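Each remark here refers to the structure printed beneath this line.
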């Protein structure tokens, strides 16, 4: 199963939210590029980036920050947040982003997904479904849609979408365990390749998700658990790595572990 570290960007900084609530954000680093390098040094094979400002406004607020990451990394980068037009998607793919995630627009403008799949490979266009109690939420999780999560997935499947990124909002950022039952229910009904997201706390959650591989879950996006060093391999890495190999001018507790 592929482990994909997440980088959420708000006001140009690397942050994590709790259940998508913007008033419950924690800043981890001032420069998201530095965070991307940390994850790459910990052997990440792909990075997942969300422009939270764009998710709210529909404008690519943090485009230049994301460009820096794509330029400096040697691994695929997937980007989501506020991608509501062909031009926005094209702008990211043109700078080397490997995969874009269509969220709100899949609900409000499914024709956009259809148009994108005429221009690009299904490996480049995926749909993100962020659900609360089985109902997809849109526009930075501030509004609910009028359908079930699996119904949206099946609609996207008919358009040619091959992969869904599925987030259980109730678990996201809570550090209380992955939404296993909700994810299992979704993948059984959707019958698609799925990247799970939201709530992974440690190795036990990964073992549980592995049991869903037979249904199509082949990867997982992890956020806060990685930032809080919940995996023993991270602790070993920080103990033996003297410097992170960047400017070491961090604004969080990571400075001590990385640069002492």
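Each Cβ is built from the backbone N, Cα and C atoms, and glycine gets one as well.
What Swiss-Prot says about this one:
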ACT_SITE  8  active site, proton acceptor
ACT_SITE  130  active site, proton donor
Any idea what the Cα distance is from the residue listed as 'active site, proton donor' over to residue 8 (active site, proton acceptor), rounded to a whole Å?
15
In terms of DSSP three-state secondary structure, what is the assignment for the residue listed as 'active site, proton donor'?
strand
Which chain-mates of residue 8 (active site, proton acceptor) that are at least 6 residues away have a CB under 8 A from its CB, listed by sequence?
14, 15, 16, 17, 49, 50, 52, 223
